[in-house]
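What follows is a set of notes on a single structure, which appears directly below.
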Amino acid sequence: MKKNLLSKSIGFILVLSLMLTMTTMAFAASTYTVKAGDTLAKIAAKTDVSVETLIKTNNIKNPSVIHVGDVLKLRSDSDAPKYVFYFIGDGLGPAQRQVAEYFLQDQNKSNEKLVMNQFPVAGINTTRSADSLVTDSAAAGTALAAGYKTNNGMISQLPDGTNVKTLTEAAKAKGMATGLVSTTRLTHATPASFATHISDRNQENEIAAQYVDSGVDFLAGGGYRHFVAKDGQLKSKRKDNRDIAKEFVAKGYNVFVSEDATRSFRNFVPGGREKVAAFFTYSHMPYEIDRDVNKVPSLAEMTEKGIDVLSKYNNGFFMMVEGGRIDHAAHANDPVGMIHDTLAFDRAINKAYEFYKKHPEETLIVVAGDHETGGVGLGFAKNYFLHVDELENAKVSTADVLNYGEGKYDGNRSKFFNYIDENLGLDNLSKEERAKIEDAMDIADSNSRVSKSTYGGYDPVAIATTHILSERANLQWTTYAHSATAIPLSAVGIGSESFGGYKDNTEIAKAMAKVIEVELSK
């Protein structure tokens, strides 16, 4: 059994602390003096700037003729990035990033790092809202999208109800194309914070209606229930017969609704300046470990399609991508769901990073979290080890499958124990472990009132089981809710040096606005 020393965690924190003031130097030079033997291709290779950019920036008429001593500008007079990626991991705290990386290393038997953990600029961000030390996703989303504090539950409005301009709106006003991608319902708090304004995040039907007038060019995620009519063919949560999906069609969007549209979405090739609105699932998209690849696209696929669509626009783009279900797994204390969704989030980041490597002098990538969820601890008492290999045999999430799906306890004890043996690798329960699950079964069988503080509002048998899985890995939970833990940030690209250091989450949006040369205001 592989043991990861917890001192590795301490080392990560020390390295992160050292990186807080680190800035990337790749973009420091703004000019290059032509030397003997230079060609534009050689200069491009030396400076990590494309030949096309050198020609355009310096107004070169004949690319084959340059002279020794010529001073070439490597960037335009404006340092604003043309392509901006803003990745937000919902519930993604430091422990979530660490344990996902350890899991990746254990699986691949390597020292491989998450893509986000390789970026040269690092920061730490505080997350409190206007009315609470512990934020919710609406207030955090508002801070990250608009640079203002608000009360929990409010979306891109101040506590007094004043609307605040978001980065998406500011980028659109500048002429950039815009995109929002999430594994949650698109009407959920984080994506909604970038394009809508409402006093109560639970008014998702109204949020859906605001999207159609937002002008966002690329939308992809879950939650078609708020976009289809009440009396239509698909199940809906709307109270009216307004068909928002059809309204998108009327505005010229290519619309993809339900799992049945996944193949056509995958096959869609933008011919020019296209608009896309895609809502694949009734509610949230499935956890990555539960995802049927034939039915639902991954976060990486949606991100890649967003790049394909938005890169056809001449004035660049701003795209926010949320790994939204990391949070949901952590709420349910599900280590497997949390880790696999964090890895899926990192694969989406890699799609942006591949794009960045083709356009390094024009691209900015920022990776942040909105808050931490679960109060995750790596190690407990004097057990200075992690046993991430204990999680490798799990085939399903506990958050969905044991609470609501085929693995939910239905009174048949032998059936349940067989299920967790086959699907979670819990084939050798100790007497104490089995007793914990049976105690939870007794509660479920008696229909007793379940303590929310003990089980977090989840199925008692599912929680007892997921806690055994976590304890075997020596991963501990302190809450079923959010925490006030400060959140790591990573960045690379043009202007990335603006995001390092210890900052409040509102400062991320303000820094981004400054870098992309837009104004956030009330």
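Note: Cβ is positioned from N, Cα and C throughout, glycine not excepted.
Caution: TrEMBL annotation is automatic and unverified by curators.
Reduced to three states, the DSSP call for Ser137 (active site, phosphoserine intermediate) is helix. Every protein chain shown contributes to the tally, and the Cβ of Ser137 (active site, phosphoserine intermediate) ends up with 28 other Cβ atoms within 10 Å. What TrEMBL records for Ser137 is active site, phosphoserine intermediate.
Annotation for His331 (Zn(2+) binding site): same-chain Cβ neighbours under 8 Å, separated by at least 6 residues, are Gly91, Thr373, Gly374, Ala399, Gly456, Tyr480, Ala481. Look at TrEMBL and you will find Asp90, Asp327, His331, Asp370, His371, His482 tagged as Zn(2+) binding site.
Summarising the annotation, TrEMBL assigns Mg(2+) binding site to Asp90, His188, Thr190, Glu322. In three-state terms derived from DSSP, His188 (Mg(2+) binding site) belongs to neither a helical nor a strand segment and is classed as coil. Listed in sequence order, the residues of the same chain lying 6 or more apart from His188 (Mg(2+) binding site) and placing their CB within less than 8 Å of its CB are Ser137, Ser182, Arg201, Glu204, Gly223, His284, Gly324.
Per-residue pLDDT, averaged along the domain 'LysM' (30-74), amounts to 86 for this model. Residues or ranges marked as domain 'LysM' in TrEMBL: 30-74.
Among the features that TrEMBL reports, signal peptide is placed at 1-28.
The Cβ of His482 (Zn(2+) binding site) has Gly91, Val134, Thr135, Asp136, His371, Glu372, Thr373 as same-chain neighbours under 8 Å, each 6 or more residues away in sequence. Other residues of the chain with a Cβ within 8 Å of the Cβ centroid of Asp90, Asp327, His331, Asp370, His371, His482, the Zn(2+) site, are Gly91, Leu92, Asp136, Ser137, Ala140, Ile326, Ala330, Gly369, Glu372, Thr373. Counting every protein chain shown, 29 other Cβ atoms lie within 10 Å of the Cβ of His371 (Zn(2+) binding site). In the three-state DSSP scheme, His331 (Zn(2+) binding site) falls into the helix class. Secondary structure of the domain 'LysM' (30-74) per DSSP (helix as H, G, I; strand as E, B; remaining residues coil): 16 helix, 6 strand, 23 coil.
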